[in-house]
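Undergrad: This is the structure I have questions about; it appears just below.
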Amino acid sequence: MAERAALEELVRLQGERVRGLKQQKASAEQIEEEVAKLLKLKAQLGPDEGKQKFVLKTPKGTRDYSPRQMAIREKVFDVIISCFKRHGAEVIDTPVFELKETLTGKYGEDSKLIYDLKDQGGELLSLRYDLTVPFARYLAMNKLTNIKRYHIAKVYRRDNPAMTRGRYREFYQCDFDIAGQFDPMIPDAECLKIMCEILSSLQIGDFLVKVNDRRILDGMFAICGVPDSKFRTICSSVDKLDKVSWEEVKNEMVGEKGLTPEVADHIGDYVQQHGGVSLVEQLLQDPKLSQNKQALEGLEDLKLLFEYLTLFGIADKISFDLSLARGLDYYTGVIYEAVLLQTPVRPGEEPLGVGSVAAGGRYDGLVGMFDPKGRKVPCVGLSIGVERIFSIVEQRLEALEEKVRTTETQVLVASAQKRLLEERLKLVSELWDAGIKAELLYKKNPKLLNQLQYCEEAGIPLVAIIGGCPKRRPCGRNQKENKPGPLHLLS
């Protein structure tokens, strides 16, 4: 700092010298020589970082929400929470940050997206990446073996945001999970039922829920000749098939992850298949896949799952898709993902998926990772991608130019005449005490037109107008006061 101050003083003195020479009308050569010295000093000084203009903005991957946007969010949350409660879920909450060790090793290649915090009093901390791992930690800490819970909260990922598509670094997740030892596929089927109920209630368009099983994937990789050590990394490549072509995925497997072209082609024969229960039955007859114990268990469970989905009336919304991989390491059984469908451009074409809006699966081993004795608690759950849904609902309302109310006010207390502030305050207080949502304008003598205009703009359905008697002229020495008149309700 002292060195910079000295340089600044030299710059000031040199600047005065240049100005003095100009006033004295010194020779151009002399002035040019002194200006060069001034520029050299300024170059040594460099920019003052403390004086640089501060740009007021939100951090990358985050955003503010206006009252209109928050009103839309609340309606979406209401639909989701109502469904979770309808299915008997309790609500819990966990810290926004966890011990770094709690999150480490649970997310595979996505672990690099975790936000680490600076050392705080000897504890290494990270912002939560999702709500599932903290839930598993909660179960292990509290020695719980049976719970049906939901949790709505913000999570954080050091991702490359694409905010136009509803992707952020800070965003909400809405999770529903069933923990406990139950008969196969019954809780899994309920999770898929919940997913379909929510997406149908939100009316955001046609959707398809893809299902697969990690045991089928692992069995498939084994019979195709993928080394055990590469199962997870190849899984993350397969998971990209909803975004890029098979050729690109194959090139990644061969060029970056060391598979032979023959092994990659063998994988391709499987992962490009999708269908319903008929595909499950077909693969149960596959001479190679049916001989793998893991794959066979997964296929038999999927067959049972489709039976329950048929009873729930949602089998037509479900597709068995062998390319669905879900990159997170903690999944152990059934996995699923809901995508919105785009209307096909040409007749006869299949509808295209335009983005994932919900996902989940079974993770029977995650709680055991936190338990000192390794005791497992079977779990299955789902997560609703609400940011993507918010974006879709918001765009739809804008396209329809539909007005969104940002308050729940039922009545505006207004006055038709001056000097009625006391009466307005008394009435609005009575309405509040009665549990009625009401407000008034914060002016002593507001114009009636302004009050009615505010009512119209805010979408308030009722206005209570306190009127007055006609002004009475004084009679002799006695003067009669203006008294508040009747109350008028307008809607």
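Including glycine, each Cβ sits where the backbone N, Cα and C put it.
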Undergrad: Suppose a student reads TrEMBL and sees D130, L131, T132, Q173, D177, R326, Y330, Y331 listed for L-histidine. Which of R86, R157, R375 should they find annotated at that same site?
TA: R157
Undergrad: Would you please say which range out of 222-249, 278-305, 390-417 has the annotation coiled coil in TrEMBL?
TA: 390-417
Undergrad: Hey, which of the binding-site residues T132, Q173 is the loneliest by Cβ count within 10 Å?
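TA: Per-residue Cβ counts within 10 Å for the binding-site residues T132, Q173 bottom out at Q173.
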Undergrad: Determine the Cβ neighbour count for D130 (L-histidine binding site): the number of other Cβ atoms within 10 Å of its Cβ.
TA: 19
Undergrad: Going by DSSP, give the three-state secondary structure for Q173 (L-histidine binding site).
TA: strand
Undergrad: Among all the protein chains here, how many other CB atoms are within 10 A of the CB of R326 (L-histidine binding site)?
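TA: Around R326 (L-histidine binding site), other Cβ atoms within 10 Å: 22.
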Undergrad: What are the non-local neighbours of Y331 (L-histidine binding site), defined as same-chain residues 6+ apart in sequence with CB under 8 A from its CB?
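TA: Same-chain residues close to Y331 (L-histidine binding site) (Cβ under 8 Å, separated by 6 or more) are R214, G361, R362, Y363.
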Undergrad: Could you break down the residues of the domain 'WHEP-TRS' (3-59) into DSSP helix, strand and coil, giving a count for each?
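TA: Its residues fall into 42 helix, 0 strand, 15 coil.
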Undergrad: Hey, what's the widest CA-to-CA gap across D130, L131, T132, R157, Q173, D177, R326, Y330, Y331, the L-histidine contacts in the record, in Å?
TA: 21
